[in-house]
């Protein structure tokens, strides 16, 4: 393969960081194409644990080029905090190993302020934002009032853009929400400092990535969040502000669709989501609590407890269709060891009709009753399994059901957080 995508097939938190790290071993380039520092990836290498938010997971290898694409919204403060964190763990970050799109939009202090103010104003209709300014930054991008990285590193352009934009933002903050105005000089001086630190990393990434593909290099596109958080195909409005599906790669990294050869959907062996919104297979009982504790289901970025439920094959089938997935990588199947019986959702009953897709309307999704098929569980710990044949027979049946229902093969199975707790069972 030459260019392939790794993306979340559920509501995020599926283990994309680990899978990207695993697959990056054979890649030359790793590209983040959307989202911002609202994403959280945990990668375990040996005895070390790394928590990443902005920087691609390929940074943990010494010989990979890592790319932050134009579809990402970049918080310079968060970026340099992450760089310092990684360097403290012995990871070298240089312009030879990390490049940033000159077209990426910059998260400004007023984005974070407005994110928090608007969320509080929603009251009990809050959408569960991380408060990091992601949504407001994408809003400015679409309103054509955003500041891009190429603007930030040109002093005169940045000065003019900041003056115009801050005047409007301060009116919104003070006159509509009753907040305190932000100081122009304080922001200007802070971000000029970031501009100089960013400058060596800034490139036209579309030119570089396409040349790598043309030269036959292996390019891995790393998604953040998940399919059901996509701005168009997710459970709107409880979604993120970017395109998390395969189509987002073309926009967020400047490559054409014909360049993509494979798309791998990462899916937990059960389902989780953070925040509000319908969740047909949610477990609101002791089983849900058990899965949450055993699976350590707490957000990397927010620390929030994740809602847990049975595996929903309707969601996986929807993800496979929308992104043209060529295979699934199933993670955390080890978490399910010890349950006598497992349930898998194979359809929804909505207004007397059985459907096998996720409806657009939240009201309809909230009415959906899951139709379950039961499977016998397995008692054995499978954390030491290193090939398909090491898995219990019931675990293999469980994986086969995923393949049969979604008409998409399972190519990778993960049985723990470490690199070596991963088995490739077929080509992706």
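Here the Cβ of each residue, glycine as well, is placed from N, Cα and C on the backbone.
Note that the structure is predicted; figures quoted are calculated from it, not measured.
Long-range C-beta contacts of residue 13 (active site, proton acceptor), restricted to its own chain and to partners at least six residues apart, with a cutoff below 8 Å, comprise 40, 226, 268, 272, 274, 297, 299, 300, 306. According to Swiss-Prot, the feature active site, proton acceptor maps to 13.
Taken residue by residue with DSSP, residue 41 (active site, proton donor) is part of a strand. The number of other Cβ atoms within 10 Å of the Cβ belonging to residue 41 (active site, proton donor), over all protein chains shown, comes to 25. According to Swiss-Prot, the active site, proton donor annotation covers 41, on the basis of sequence analysis.
Annotation source Swiss-Prot lists GTP binding site at 12-18, 40-42, 306, 332-334, 414-416, citing sequence analysis. Neighbour density for residue 333 (GTP binding site): within 10 A of its CB lie 23 other CB atoms from the protein chains shown.
For 13, 14, 15, 16, 38, 39, 40, 41, 130, 144, 225, 240, 304, the entry in Swiss-Prot reads IMP binding site.
The feature Mg(2+) binding site is assigned by Swiss-Prot to 13, 40. When other Cβ atoms within 10 Å of the Cβ of residue 40 (IMP binding site) are tallied across all protein chains shown, the result is 20.
Swiss-Prot lists 300, 301, 302, 303, 304, 305, 306 with the feature substrate binding site. Every protein chain shown contributes to the tally, and the Cβ of residue 303 (substrate binding site) ends up with 8 other Cβ atoms within 10 Å. According to DSSP, residue 303 (substrate binding site) sits in a coil region rather than a helix or strand.
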Taking Cα atoms as reference points, which of the recorded positions 38, 41, 130, 302, 303 is nearest to residue 15 (GTP binding site)?
41
Give me the largest Cα to Cα distance among 13, 14, 15, 16, 38, 39, 40, 41, 130, 144, 225, 240, 304, the residues the record lists as binding IMP, in Å as a whole number.
34
Have a look around residue 38 (IMP binding site) and count the other CB atoms within 10 A of its CB, chains all included.
26
Hey, which of the binding-site residues 18, 304, 306 is the loneliest by Cβ count within 10 Å?
304
